[in-house]
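Here is the structure we will look at, set down as structure tokens.
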Amino acid sequence: ASQDSRSRDNGPDGMEPEGVIESNWNEIVDSFDDMNLSESLLRGIYAYGFEKPSAIQQRAILPCIKGYDVIAQAQSGTGKTATFAISILQQIELDLKATQALVLAPTRELAQQIQKVVMALGDYMGASCHACIGGTNVRAEVQKLQMEAPHIIVGTPGRVFDMLNRRYLSPKYIKMFVLDEADEMLSRGFKDQIYDIFQKLNSNTQVVLLSATMPSDVLEVTKKFMRDPIRILVKKEELTLEGIRQFYINVEREEWKLDTLCDLYETLTITQAVIFINTRRKVDWLTEKMHARDFTVSAMVCLPAASLLWVCPSEVSYLKPGFLEPRCLPGLLHICFLFQHGDMDQKERDVIMREFRSGSSRVLITTDLLVSRGN
């Protein structure tokens with residue numbers, strides 16, 4: 001099919017509400033077996049639990065593998081991480097012990113999560129993937145990079161640029177550059193570092209950009225650094241996750257939010273919950289109030305986020321600020337709250353996330369991005 005004609009079609013189940021996608025790439029492949037992937041990669045895909053490609057995977061994996069620059073607009077839950085992970089793994093030359101793919105993410109946690117997905121999908125291939133993130137020992141990282149360059153680097157802009165600038169990370173063989181959550185990275189002030197990283201890469205490096213939204217600064221990146229990109233764009237109003245009924249509670253006054261939260265906990269059965277909050281002052285205030293009401297609270301202040309939201313997904317997954325999902329909202333009178341701080345020690349952050357994922361802590365208080373990314 002010609003890639004030059006714009007198409008608009010309804011995707012398969014798994015993209016709510018109808019999987020409507022606008023793209024200038026018409027070829028749709030609805031089976032991993034038909035993507036000409038290596039046998040070892042296919043084993044990893046099926047072992048990971050995938051059966052059928054999601055809408056974005058059906059459209060984006062093939063042009064990525066063929067070497068086109070690709071812009072994909074997608075939220076979590078659409079399979080976007082696996083889209084570029086599969087594309088990278090298919091293109092890696094395993095015998096070449098050099099970094100061949102570079103992935104940037106806005107947070108340490110997201111970078112680590114992407115690394116885990118890449119390693120799981122490439123489990124039968126023997127590909128190496130390293131998380132190059134802040135908050136870890138620089139000397140140990142330098143030694144690791146000098147000992148043997150990993151095939152794939154997933155990292156945050158600051159640490160990646162530092163390793164490139166100090167020549168511990170070589171761009172010589174990097175043929176694929178992925179920017180995940182590009183809008184978040186740019187909104188967090190990483191523009192200069194991203195531009196500097198681009199300047200250190202080869203001019204023919206393939207660029208894959210993923211972004212939930214397409215603000216002007218993201219479009220500027222696409223125009224400046226991408227060559228005739230394939231566009232796979234999900235209309236903004238149709239980026240809702242499948243199978244999640246969303247509810248919001250209209251709380252007219254700020255001071256009523258605490259009572260609303262407590263009412264939910266006293267009325268519903270809580271297994272696990274995520275509380276999104278936006279300022280240090282609100283964290284301190286909420287901690288004090290919850291202590292006063294005999295809730296067990298462990299407080300570490302958050303970074304600013306988009307809004308104050310109480311939400312409880314059955315898994316750690318993305319919900320837009322402003323929506324609340326109470327079907328698994330839950331209410332024990334004694335809940336352990338964890339407050340995530342963007343500047344805390346990396347080991348502390350890892351412990352908090354591990355405890356929450358394992359279920360040993362019931363409630364995680366954090367920013368919207370920190371726990372939002374998974375697929």
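Glycine is treated like the rest: Cβ placed from N, Cα and C.
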Where TrEMBL places motif 'Q motif' among the ranges 30-58, 146-174, 204-232: 30-58
Counts by DSSP class (helix H/G/I, strand E/B, coil) across the domain 'DEAD-box RNA helicase Q' (30-58): 16 helix, 0 strand, 13 coil
Average pLDDT across the domain 'DEAD-box RNA helicase Q' (30-58), rounded to a whole number: 93
